Amino acid sequence: MNRRQQVKRRVGKYEVGRTIGEGTFAKVKFARNSETGEPVALKILDKEKVLKHKMAEQIRREIATMKLIKHPNVVQLYEVMASKTKIFIILEYVTGGELFDKIVNDGRMKEDEARRYFQQLIHAVDYCHSRGVYHRDLKPENLLLDSYGNLKISDFGLSALSQQVRDDGLLHTSCGTPNYVAPEVLNDRGYDGATADMWSCGVVLYVLLAGYLPFDDSNLMNLYKKISSGEFNCPPWLSLGAMKLITRILDPNPMTRVTPQEVFEDEWFKKDYKPPVFEERDDSNMDDIDAVFKDSEEHLVTEKREEQPAAINAFEIISMSRGLNLENLFDPEQEFKRETRITLRGGANEIIEKIEEAAKPLGFDVQKKNYKMRLENVKAGRKGNLNVATEIFQVAPSLHMVQVSKSKGDTLEFHKFYKKLSNSLEQVVWTNNEVKKETAK
């Protein structure tokens, strides 16, 4: 097998891999603890940007609080590190994808299933609120599923990355995706984080049960008006109890909007409700956080880049495949999440050309480097420009696996893009039948 050279990156004891998410202030990469082998998510912040926007103290405060929160439905924050130029937040790595993907793939949920996810969501939100931590940006991308199908809320407590506290002492935000955002947030006159989170939970519940958004319009001003009025229609298949609860939550007046405590007493919510039982540990060691924000030289971690050959072996292929089922790697019709894989025939350079030929007519700019490609849609969608990252791995001399992942933008747009891309590459897709023929030889 021809092995190409690839630069491997290391931060402290963590081996850093592919990018799995990207935002204005942060990039998230897959990483692995070299001492334990445990996979983690590594959120990388640029120190200069943090200081420029005067967010250091607020981020320090929220990270310190999040380190104390150990809730089964909240992505856990393990530790914080820093180099001379970057801040690294080590988070639990969640493997089940976004809750939104489940709706896209399977459609709306039955009430019992939706209720279970909503119960987990409300308990976690209320728990964090009770400790003074608010999300303020609850949306499908932040609602993940673990390998057991349990809800995990990500980015809880890291809202300082997109929120600003002004002189009036209230929170202010400029929101790029308003569908899940409370009316008072859109008005930008300041708002309470707890009631704003509650509204977002109501929109999430509606989407789980209906399969579509309660407030939607291609015209942004019309969308703002719909949200501000709080007028929406419930689909006829919803039970009366579900309709009543959604109506109480999607109250445009934050002063009369239902609270988590009132939701806990709601009859529809209480059905089959079992609050999670978990141990609240007192992890009060904040030395790593203090060191990061005091620029302590002795606690700075080193970033290393080392040249070494990258080969994808059988174990890696199996570990990348859901349910240890290799058929998913060779099936272009597979269900997928924020990232997916497709196996193609031909040489690596030939495959790069074919992906470029397929992406450009779809309106994407293409950047290439070291068998990796970055595709950016020049036309902004609902959530800004869709950015897609691809990386090519060699399985055999004329057989390559291409990993396709969303690094920025709307998940639904990514799903549509992937289907168009895989259709364009149909002639070179290595199908499941070919795998079986090869195996039978």
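Residue positions begin at 1 at the first shown residue.
Note that Cβ sites are derived from N, Cα and C of the backbone, with glycine treated the same way.
As recorded in Swiss-Prot, the features of this protein are as follows:
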- Asp137: active site, proton acceptor (ACT_SITE)
- Ile20, Gly21, Glu22, Gly23, Thr24, Phe25, Ala26, Lys27, Val28, Lys43: ATP binding site (BINDING)
- 307-331: domain 'NAF' (DOMAIN)
- 155-184: region 'Activation loop' (REGION)
- 337-366: region 'PPI' (REGION)
Query - Which same-chain residues, if any, lie at least 6 apart from Glu22 (ATP binding site) yet have Cβ under 8 Å of it - result: Val28, Asn387, Ser407, Lys408
**Report entry** Other C-beta atoms that fall within 10 angstroms of the C-beta of the residue listed as 'active site, proton acceptor'
**Finding:** 23
Query - Protein Cβ atoms within 10 Å of Val28 (ATP binding site), excluding its own - result: 20
Query - Nearest-integer angstrom distance between the alpha carbons (Cα) of Asp137 (active site, proton acceptor) and Ala26 (ATP binding site) - result: 15
Query raised in the report: Which whole number is the mean pLDDT over the region 'Activation loop' (155-184)?
Result: 61
Report task. Give the residue counts of the region 'PPI' (337-366) per reduced DSSP state, in the order helix, strand, coil. Result -> 15 helix, 10 strand, 5 coil
Query raised in the report: By a simple count, how many Cβ atoms lie within 10 Å of the Cβ of Ile20 (ATP binding site), its own Cβ left out?
Result: 19
